Amino acid sequence: MAFKGLAAAALTLATLSNAKPLNRRVSCGDGNTASNEVCCQLFPLVELIQSDLFDGGECGEEVHESLRLTFHDAIGFSPTTGGGGADGSIIKFADTETAFHANGGIDDIVGVQTQFIADNNVTISPGDFIQLAGAVGVANCAGAPRIPFFFGRPEPKAASPDGLIPEPFDSVDKILARFSDAGFSAEEVVALLASHSVAAADNVDPTIPGTPFDSTPDLFDSQFFIEVQMKGTLFPGTDDNEGEVKSPALGEIRIQSDHDLARDSRTACEWQSFVDNHDKLMSAFSAAMVKMSVLGHDINDLVDCSEVIPEPAALPSSAGPHLLPAITMDDIEAACSGTPFPTLTALAGPATSIAPVAAS
């Protein structure tokens, strides 16, 4: 990937050492205003992230990978085992953390972001950069919430311990226990999985990189929650991959942990609740993402710079919860015992293959 702009100029950001919250907005001198002066110098960085990292503001591969990175960095936190949480250790100690089995393939986006930081003399901490890039990237996906961003994470001190990142083949018991250890409820686990609405897998089946988890990987919508609930009928590539189960359509991949969480009594009703409630989906995902983004930190020590995050576009009017072509309600494996699965109609036409997410 070629990084454009600021070939010689350094991007220098103010330190937080003497920053005081202000009771009135301040002018940043470039037409933007902020609630705190330290946020002003993030605006040009956001513009650079959009132009050079996210290909002019697309909801594409780098956004998907950057969103994955926010989680893989932050969940490296445990009150009992250690780890700095959302501190950027996955960048600073990349040789250690990218070798973890659960971080397979993440070295690509770690390398891309590390090169971006170096090429543009970005001086914010790697923990701040990872979470900023994730929030900016999500905003490029229509239908997404505007994720609040808090600024001021210190430099990471050590690599995260291995074994803290859930794997696709982990049991629901193990996944919920790992998240509980980090302070998350079962409902928040389901909310965080909305990230798979704008995601694709490169390494679950390496023969088909860029395979999305649902049919609308460029939209933050509920299709992921609908399509994981559909009966699996095929493997989109090979059939012997650890952590993969059958999906309902060619070109769509399904991991075992998503399948199991959608059908477990502890999580099934929360999963189903997102199918036809987009407002709840946005609200729950935003809240869970903020909680994740400050793991290992006291949010009161950080500065709320949420105004630097772009406002996402709304879902197009043509979008809405639906079944895939040639699928009926009989293909839904409903698992919430207390509430019927919402009645949905299928898109017209024959069953089709879902296109992979294009490499940038």
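Keep in mind that glycine also has a Cβ here, set from the backbone N, Cα and C atoms.
Curation does not apply to TrEMBL; its annotations are automatic.
Each of Cys39, Cys40 is a candidate, yet TrEMBL gives the disulfide link of Cys305 to Cys39.
For the domain 'Plant heme peroxidase family profile' (67-309), the model's pLDDT averages out at 97.
Excluding Ser197, Asp214, Thr216, Asp221 themselves, the residues of that chain whose CB lies within 8 A of the CB mean position for the Ca(2+) 2 site are, in sequence, Val198, Ser215, Pro217, Leu219, Phe220, Ser222, Gln223, Phe224. If you count neighbouring Cβ atoms within 10 Å for each of the binding-site residues Ser197, Thr216, the highest count belongs to Ser197. A Cα-Cα distance of 21 Å separates Asp214 (Ca(2+) 2 binding site) from His72 (active site, proton acceptor).
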